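Worksheet: one structure, shown below.
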């Protein structure tokens, strides 16, 4: 078993902790802090104050949450947090919790506010509001309201029905607002947040993409040493950027494995084989497994079954490729590179540090006495930050700006059995949609645009003065920040018309194109 990896260098000297009280916006708060070029991490409200302070945060932000501060079992915080000398910024629930913990008054007086609300700044020269309008729209979502600030605090804003909508204690570096400054509906929210970070907490905005790359390269070199590493390339942004970072750090010690399962979009396998290798110089092992996957998927229409089959076959092909690499002469293969992102870490309840996994738990078939240590160079980053790192590393725009694509590929964008003919049909339709979105300059305005083939549905059409009985294609353009929620994108009719015309003219056996106008919730982004 390889020894535990050496500790990575401290890359978070100016960390801001976002304490999550069950807010739907906790990740958004963390992202907004990072947009201010300050590093942030999310921690649960159940974390003891001593553990929070042990992280040496430069500041702490208390998120909103669905609870009332007076409800039985509502999240709470020990008063010692506010007495530790660390600047604290409370938002919504965090604001009310700060108020009640320090002796202010919060009650259910009927002053409920939801949605866009006019805020009246009563102390324009305050730390948070200096340079912002005295009247500004903010996004409220609360039932209880603060009617009296704690002793020593100055009330800095109110609304028509809430007398204390913001307060601050500059001496103790404690600040709070009743609204959500992190959402775009609060038009000056980012400015208020930055005032807290720069003025209230005195943090320098020095967390940049260049710093991330330099720090991660140093950390990877220290962790891997003279051993070898393997990375599974999916063709997506995350695995490509993770592999490029590790390649830049350890060069030929990394071998990338790309499993061509025949379920990719048009041109993407060639893009991995040519553009990625040309940009990084990475050693790439390509496994052609299209026939194997299609044989395994024959006769299967259930989406969950398709996902399981694709996942199972991928692991079997990948483990065989790993065995072949392990048998090559050279240093020990001790590390497995993964493109884990920060939202994955947060949602799984994880934190910082390096995880170890037994290879046979994840890629069955390897000897039981072999273990891999995970290299996860992106585990501190959000998706948009990963794209910026990719640009910093010189990856082609076609890879860096690639829209999110599901692991099972086109296999779950065919509603029905997956066959080679249906894949070829869908590949052409998808390519046309992507070409037209790019030509219209819309490809970066949307989160993604799944193109779906309803393989088990046919509709009557008229093409070339004759009756046709073809399949419908569904366009599913959506806008989102994190894929947790999404809205359907209002694409120009002219662009939709071009896509529809080209697909029905150029793709055989398709005579109808429809637009999915469902938000998430209730509908998921992918159809299967």
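Cβ atoms are placed via backbone N, Cα and C, with glycine included.
According to TrEMBL:
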ACT_SITE  92  active site, nucleophile
ACT_SITE  180  active site
ACT_SITE  182  active site
BINDING   234, 235, 236, 237, 238, 239, 240  ATP binding site
DOMAIN    207-402  domain 'GMPS ATP-PPase'
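Structural mapping of features recorded in TrEMBL.
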residue : record                   : DSSP class
92      : active site, nucleophile : coil
180     : active site              : coil
234     : ATP binding site         : coil
239     : ATP binding site         : helix
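Put simply, 182 is the one of the active-site residues 92, 180, 182 whose Cα lies nearest to the Cα of residue 235 (ATP binding site). Long-range Cβ neighbours of residue 239 (ATP binding site) (same chain, at least 6 residues apart, Cβ-Cβ under 8 Å): 231, 232, 233, 338, 339. Taking the C-alpha positions, the distance from residue 236 (ATP binding site) to residue 182 (active site) comes to 29 Å. All protein chains included, residue 240 (ATP binding site) registers 30 other Cβ atoms within 10 Å of its own Cβ. Neighbour list (residue 180 (active site), Cβ cut-off 8 Å, at least 6 residues apart, same chain): 25, 64, 91, 92, 138, 139, 140, 141, 186, 189. For the recorded positions shown (182, 238), fewest C-beta neighbours within 10 angstroms: 238. Packing around residue 236 (ATP binding site) is summarised by its Cβ count: 19 other Cβ atoms lie within 10 angstroms of its Cβ, all protein chains included. Long-range neighbours of residue 234 (ATP binding site) (same chain, six or more residues apart, CB within less than 8 Å of its CB): 339, 407. The ATP site is defined by 234, 235, 236, 237, 238, 239, 240, and by the 8 Å test on Cβ atoms against their centroid, the other residues of the chain that qualify are 233, 241, 242, 339, 399, 402.
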